[in-house]
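First the structure, in the form of structure tokens, and then the observations on it.
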Amino acid sequence: MDTDFIVIGAGSAGCAVAGRLAEIPGASVTLLEAGGRDTSPWLHIPVGYAKTMYHPTISWGFSTEPEPELHNRRIPWPRGRVVGGTSAINGLVYLRGQVEDFNHWRQLGCVGWGFEDVLPFFRKAEDNERGADEIHGAGGPLGVSDLRDSNPISAAFIEAAVEIGLPRTNDFNGIVQEGAGWYQTTTRHGRRCSAYTAYLRPRPHNVRVETGAQTRRLLFEGSRCVGVEYSQDGEVHQLRARREVILSGGAIHSPQILMLSGIGEAGHLQSHGISVLKDVPNVGRNLQDHFQARLLFRATQPVTLNDVLASRWGQFKAGLEYLRHRTGPLTYAAATSGLFAKVLPQSATPDVQFHFIPFSAEKMSDGLHKFPGFTMSVCQLRPESRGTVTLASGRVEDAPLIQANYLTAQLDRDCMVAGLQLGRRLAATDAMRPWIVEEFLPGPAHAPDDAGLLEFCRQHGNTIYHPSGTCRMGEDEGAVVDSQLRVRGIEGLRVADASIMPTVLSGNTNAGSIMIGEKCAAMIKAA
């Protein structure tokens with residue numbers, strides 16, 4: 001069977017690509033997704049990420065290899081295995097990154113990727129309930145909304161930042177990111193707006209979505225990509241593309257699929273019995289991710305989600321409020337308020353991000369604590385550490401090997417420690433002190449100084465779920481794709497997802513991935 005375009009991966013970027021290519025008159029688009037349909041109600045209720053992020057059939061359930069700077073711990077890496085990809089299970093925070101991120105991409109040689117170049121695609125994607133202006137869009141497919149329910153401790157966190165001299169902001173996605181304020185989320189009318197919901201519901205008549213379709217390899221005639229081989233329901237199929245194939249598997253699957261198809265470092269491919277089509281050594285390299293460490297506090301008053309959802313009666317009330325009004329605790333994102341701040345003297349723009357979370361748990365995959373509690377998550381925005389994604393074997397069924405190399409760079413260690421110290425300063429303010437019984441993780445006794453805080457990071461720190469960079473964009477010989485997202489030396493094949501980011505964005509990466517999908521489709525239309 002033939003189609004004009006094949007898009008591999010129905011995630012943040014892939015859905016945007018497929019939805020926009022469907023606008024081409026007479027074009028046919030086939031979207032291949034290894035996961036299933038988004039039938040679970042938890043995929044549409046905002047707080048449902050707590051149920052889906054580690055679900056064995058909705059998430060891929062990856063883990064890193066033992067991390068040398070984290071006492072050889074393996075860090076879980078959930079990624080969405082469902083239409084919508086990780087946009088269907090993430091924490092919903094809508095952030096684009098800093099203006100300087102995109103201008104830095106341009107300085108690295110990525111022509112057409114400066115802030116003024118990408119802004120139209122952010123605006124085109126966006127349906128912001130605040131309306132359109134020179135920065136934001138309205139009427140686009142992606143719902144972006146203010147929180148429908150607030151929490152008094154979340155508000156106190158903002159006041160704490162102002163108390164120590166940090167600015168207050170009404171828009172983390174403005175020209176200046178620095179400051180404390182409320183997050184916007186990818187929701188519409190109290191429901192999650194995944195990329196699939198945004199771009200493919202209702203589905204355009206000329207888009208065919210194949211679920212349970214795991215890509216095995218790309219098909220080539222010479223150096224031109226002409227199709228995809230995939231497995232579905234125990235059978236192997238081949239699909240040919242008359243025009244282009246767009247690989248949107250994300251920072252883990254996109255390099256894996258390229259390598260399984262013979263595009264990667266020649267020696268690595270040959271060691272797994274794969275014939276080399278194109279020796280591209282940097283496929284799977286340049287892996288970046290945001291690292292987080294979470295300060296946990298016991299609260300003085302029972303106003304956190306720990307308390308609201310502790311009893312069957314509380315759960316019933318929250319569910320009833322959500323069903324009747326689409327408000328209440330079930331509309332919470334993974335963070336309510338936040339902060340972007342500079343903690344290192346050499347930083348010209350914010351280098352840490354705080355997610356303030358009005359609940360507490362030892363691990364995100366665990367249940368909530370049985371007492372009032374809240375969390376300050378500290379995340380370094382621009383890590384210098386670099387990791388890799390490599391093949392475990394020549395079989396698509398075997399998960400690739402992920403080596404994040406967290407905290408291997410001194411700057412990363414310094415930034416995390418300084419960020420945690422800032423968190424303690426915030427906790428000591430007049431605004432926050434009335435809400436706090438104690439900091440119980442790590443606790444002052446266990447982390448009294450910088451060395452103790454670094455050890456806390458090594459023992460308890462983990463991902464904040466933003467892998468990127470493994471199919472780096474650029475115009476240099478080491479880049480995997482060029483500024484048009486075309487795989488170098490290959491015809492008919494582009495990569496469009498977070499893997500093409502030369503450097504990870506300074507914030508949550510879902511919005512940036514959707515922008516990449518929008519821009520990719522526009523470049524294909526203009527070709």
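Glycine residues also receive a Cβ, built from the backbone N, Cα and C atoms like all the rest.
Curation does not apply to TrEMBL; its annotations are automatic.
Not measured: the values here are computed from a predicted model.
Copied over from TrEMBL:
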type	residues	note
BINDING	V82, T86, N90, G91, L92, V93	FAD binding site
DOMAIN	80-103	domain 'Glucose-methanol-choline oxidoreductase N-terminal'
DOMAIN	250-264	domain 'Glucose-methanol-choline oxidoreductase N-terminal'
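Recorded features from TrEMBL, shown on the structure.
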residue : record           : Cβ neighbours (10 Å)
V82     : FAD binding site : 28
T86     : FAD binding site : 26
N90     : FAD binding site : 26
G91     : FAD binding site : 24
L92     : FAD binding site : 27
V93     : FAD binding site : 21
For the domain 'Glucose-methanol-choline oxidoreductase N-terminal' (250-264), what are the same-chain contacts with Cβ under 8 Å, counting residues 6+ beyond its ends? 8-9, 11, 60, 62, 77, 79, 85-86, 215-218, 220, 274-281, 283-284, 287, 389-391, 394, 396, 400, 402, 467-471, 480, 487, 490, 495, 497-499
Per-region confidence, the domain 'Glucose-methanol-choline oxidoreductase N-terminal' (80-103) (mean pLDDT, whole number): 98
Do you know the DSSP helix, strand and coil residue counts for the domain 'Glucose-methanol-choline oxidoreductase N-terminal' (80-103)? 9 helix, 3 strand, 12 coil
Residue counts in helix (H, G, I), strand (E, B) and coil for the domain 'Glucose-methanol-choline oxidoreductase N-terminal' (250-264), per DSSP? 11 helix, 2 strand, 2 coil
